[in-house]
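Novice: I have a structure here, written as structure tokens, and I will follow up with some questions on it.
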Amino acid sequence: MAAKEIIFSDVARSRLVEGVNILANAVKVTLGPKGRNVVLERSFGSPVVTKDGVSVAKEIELSDRVQNIGAQLVKEVASRTSDAAGDGTTTATVLAQAIVREGQKYVAAGLNPLDLKRGIDKAVIAAIEELKKISKPTTTSKEIAQVATISANGEESIGQRIAEAIDRVGKEGVITVEDGKSLDDELDVVEGLQFDRGYLSPYFINDQDKQVAVLDNPFVLLHDRKVSNIRDLLPILEQVAKAGRPLLIIAEDVEGEALATLVVNNIRGILKTVAVKAPGFGDRRKALLEDIAILTGGQVIAEETGLSLEKATLAELGQAKRIEVGKENTTVIDGAGDSKNIEARVKQIRTQIEEATSDYDREKLQERVAKLAGGVAVIKVGGATEIEVKEKKDRVDDALHATRAAVEEGIVPGGGVALIRVKQAISGLKGANADQDAGIKIVLRALEEPLRQIVTNAGEEASVVVAKVAQGTGNFGYNAQTGEYGDLVQSGVLDPTKVTRTALQNASSVAGLLLTTDATVHEAPKDTPAAGQPGGPGAGGPGLDF
């Protein structure tokens, strides 16, 4: 086991704080509409230019081990805020730095760190209660666009794209972000339920231009096993042919004689059919088949449900207005399922989301809700170069998360103003003793810091602006984009309540831990062998020419 070095008390804390400051100073230059870019070196490929706080934080590793511990703790603040709210990472970093900086002064003066932390926690709880009071729900598409624009560093086109996507697929819909292939941003919306399985034979294609198979007003047969014997399918095929409508078969697989017969009947125009594999695997496949059954008003023909292919009737088949089957995707548009059954299914999946333990499971369940309740929108980010697209894509991701947070918990005035109003509301808060009062003061001072940093990045005098904003009430604040004072909600400078709340909670949590730290244990630096010693350059033995 490698030897460890241990550092105690003030020396440990001061070096941890140095690490906090190095990371925070690199991250906080990105805050606000006039924040600066940071260039990140890559070990391969071209450098990345970003204004995304968490992207900057994740790149930072310091050579001094103790400083690096401090930096990693603040990196944790940014990462946790990003995971929970998707935005607000720079605000969280700025708040953490301010709490650590102010707290360090009190600890050095001999105050009890544990009481300081209790005071900090008390002030943060009160601040969050006040935040909830001034929060208001997002109701309009315009407000959603404004939140997205602020999060995307003032780029209105991104805000409009995201608002349009939410309009099209609903608040439950899935919105994904991809690299585009043109200079402009594009929005693609898939209405209905889409899954990632295509036709099993290209002979099913009936739209040669688009290379897809289109079925109008089809029946949908859902089966959880392989189909290889055509005799199993004949009874239901005859019933569908009599009805004079096309048929989509979704099964574990369709192969051999069964697939060949379907293709021949399709080519001859006897019965228009398309066969596709069922999406997913294992239990997830069963769940997805059940989703499609509920959406189309059919049943999954399976041994578990007591149904068999040979005895299947039209009553057990699903129906839809239109189905498009491509090489890799199948889209079911306007399924004939009962809306009450669909709502009940969505409710059931939402319960599973709340109980899910892994992010992967939660994401897949959320996708299923979206496909049943709304649709899928894809924002394709355009740009002239790969670097530009990557930087813009980061901002679109931030904006998307911010809008989801705004829909979830509402909005507050942006530009650091909400925290100033919170500070005014809790300024009379008292702790159980003088040391706890000092902890409350630390938070009160830290609440000013995001506004101070936004103003500093805009090239103005922070103290003057903070004093003027503090004199105002409600939504009155400083718009760093225009350099003017006014009602920030009216001028569209908004922050999601969830983002501000999460940033404050995470910052105070990690900063409080740092202040109560009294020792660090880390790997001791390795001694490098001196020249001429064994293992070093010039070691004994025959010389080699290089």
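Positions of Cβ are set from backbone N, Cα and C atoms, glycine also.
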Novice: Per Swiss-Prot, which of Asp167, Asp334, Asp338, Asp495 sits in the ATP site along with Thr30, Leu31, Gly32, Pro33, Lys51, Asp87, Gly88, Thr89, Thr90, Thr91, Gly415?
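Specialist: Answer, per Swiss-Prot (ATP site with Thr30, Leu31, Gly32, Pro33, Lys51, Asp87, Gly88, Thr89, Thr90, Thr91, Gly415), from Asp167, Asp334, Asp338, Asp495: Asp495.
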Novice: Inside 10 Å of the Cβ of Thr90 (ATP binding site), count up the other Cβ atoms and send me the figure.
Specialist: 28
Novice: May I ask which residues of the same chain, at least 6 positions away in sequence, place their Cβ under 8 angstroms from the Cβ of Gly32 (ATP binding site)?
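Specialist: In sequence order, the residues whose Cβ lies under 8 Å from that of Gly32 (ATP binding site) (at least 6 apart) are Gly415, Gln453, Ile454, Val455, Asn457, Ala458, Ala480.
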Novice: Reduced to three states, what secondary structure does DSSP give Gly88 (ATP binding site)?
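Specialist: Going by the DSSP assignment, Gly88 (ATP binding site) belongs to neither helix nor strand, so it counts as coil.
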Novice: May I ask which residues of the same chain, at least 6 positions away in sequence, place their Cβ under 8 angstroms from the Cβ of Gly88 (ATP binding site)?
Specialist: Thr81, Ser82, Ala402, Asp495, Pro496, Val499, Thr500, Thr502, Ala503
